[in-house]
Amino acid sequence: MNQRRAIILSGATLIFSLITLLITLQVPLIQTGDQQIRQLVNHWRSPWFSTFMVGITRLFDPTLGAFIITLTILSVWYLTNRWRALQVATTIFSGTLINHMIKAIVNRPRPNVDILLHYNGFSFPSGHSATAMVVFGSLFLFLSRSHYRWRTGLMILLAILIFLVGFSRLYVGAHYLSDVIAGWSLGLMIISGLDLIFDYIKKDR
């Protein structure tokens, strides 16, 4: 178990660090790739799909996002115990704080053309993608350790939601693909890292 988590943590850290380095150095390859992917996604736009994607991306706008986060913490408390609920709350808070800090350091501007929804602030990494990962990923983690009959279906649903939230950020023009992948990687880093820390603390109690 610890070895698997360490591998996930190392892999996510490597991906996040590499993308951050490429963005910071403004490597033309990643800049060009981001623009080409945006153009490709823009060709998929249609009225009904845009309505769907806007609905998905607003899952983690402040009001609805706060509700989903609260529901997630309470669900983990119900499925496990208070200690694990504290772990999830810490994971989500840490993810939000670290994401804002990195945004302020990297200072990457958001896309400024072909925008469906306008957001303030910087682009890298995607906060919605990172939040979706730490929230739904935390639920995924504890469901994977449970014995509920319906856990497999819920885990698949959570994985789909994580993907859809990230893709929606690209679709509405709020982020580049590299922002989204970095957001997912950052969220996975925080989940796996704090899971190891909380397990270590629990063993010493």
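For all residues, glycine too, the Cβ spot is worked out from N, Cα and C.
Automated prediction, rather than curation, is the source of TrEMBL annotations.
TrEMBL has this to say about the protein:
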DOMAIN    85-195  domain 'Phosphatidic acid phosphatase type 2/haloperoxidase'
TRANSMEM  56-78  transmembrane segment
TRANSMEM  85-102  transmembrane segment
TRANSMEM  122-142  transmembrane segment
TRANSMEM  154-174  transmembrane segment
TRANSMEM  180-201  transmembrane segment
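Among residues of the same chain six or more beyond the transmembrane segment (180-201), those with a C-beta under 8 A of the stretch's C-beta atoms are 2, 5-6, 8-9, 12-13, 15-16, 19-20, 23, 83-84, 86-87, 90-91, 94-95, 98-99, 102, 124-134, 137-138, 141, 162, 166-167, 169-170.
Among the stretches 85-102, 122-142, 154-174, the one making the largest number of Cβ pairs under 8 Å with the transmembrane segment (56-78) is 122-142. The list of residues near the transmembrane segment (122-142) in space but at least 6 beyond its ends in sequence, with Cβ under 8 angstroms from a Cβ of it, reads 16, 20, 23, 57, 59-60, 65, 68-69, 72, 75-76, 79-80, 84, 87-88, 91-92, 95-96, 99-100, 102-104, 106-111, 154-155, 158-159, 161-162, 165-166, 168-169, 174-176, 178-180, 182-188, 190-191, 195.
Across the domain 'Phosphatidic acid phosphatase type 2/haloperoxidase' (85-195), DSSP classifies residues as 80 helix, 0 strand, 31 coil.
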